[in-house]
Amino acid sequence: AECKVDVDSTDQMSFNTKEITIDKSCKTFTVNLTHSGSLPKNVMGHNWVLSKSADMAGIATDGMAAGIDKDYLKPGDSRVIAHTKIIGSGEKDSVTFDVSKLTAGESYEFFCSFPGHNSMMKGAVVLK
């Protein structure tokens, strides 16, 4: 099993994937996030955040208040399973997390917590 995925983000407020499948034989899983657009992070920054689907809206709302210096995430938010930092044009960041944090049958989503982005920039994370 390949225990990693490359995800690209764009100036059009999009990720290049809508679903990420994680093989349950993976002990850890790595997400490599890139930004192929031309806009800086304060204008069109993106991050990759993993949480239960039910927690996404609350994380995004609290993240807006936290601001860009905190990567639009409330510091120490226990609902966040994994996240990258906010990146802009030409930048990249990676995050590796323990697959044991995920439960089969639970609904997980990945999204960007930059204000207003999670309506379009989201997808499913499936453990199988």
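We count from 1, first residue shown onward.
Just so you know, glycine gets a Cβ as well, placed from its N, Cα and C.
Cross-referencing CYS3, CYS112 with Swiss-Prot gives CYS3 as the cysteine bonded to CYS26, criterion being a recorded disulfide. Within HIS35, HIS46, the residue that Swiss-Prot lists together with CYS112, HIS117, MET121 for binding Cu cation is HIS46. The Cβ of CYS112 (Cu cation binding site) has 28 other Cβ atoms within 10 Å, all protein chains considered.
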